[in-house]
């Protein structure tokens with residue numbers, strides 16, 4: 001939840017979810 005993954009998730013889910021990133025406030029974050 002604190003480290004930005006450099007990916008937005010406004011229109012599509014986080015592709016980076018495979019490495020533990022999750023959508024928060026339209027941006028993908030890790031932890």
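Indices start at 1 and increase along the chain as displayed.
Just so it is clear, glycine is given a Cβ too, placed from its N, Cα and C backbone atoms.
What Swiss-Prot records for 5-21 (among others) is disulfide bond, and it gives sequence analysis as the kind of evidence. Residue density at residue 5 (disulfide bond): 19 other Cβ atoms are found within 10 A of its Cβ, drawing on all protein chains shown. According to DSSP, residue 5 (disulfide bond) is assigned to a strand segment.
The feature disulfide bond is assigned by Swiss-Prot to 9-23 (among others), with sequence analysis given as support. Its own atom aside, the Cβ of residue 23 (disulfide bond) has 18 Cβ atoms within 10 angstroms in the protein chains shown.
For the recorded site, residue 28 (disulfide bond), the DSSP three-state label reads strand. For residue 28 (disulfide bond), the same-chain residues 6+ apart in sequence whose C-beta sits under 8 angstroms from its C-beta are 4, 5, 6, 7, 8, 9, 14, 16, 17, 21, 22. Per Swiss-Prot, disulfide bond is recorded for 14-28 (among others).
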To which of the disulfide-bonded residues 9, 21 does the lowest count of other Cβ atoms within 10 Å belong?
-> 9
If you draw a 10 Å sphere on the Cβ of residue 14 (disulfide bond), how many other Cβ atoms land inside?
-> 20
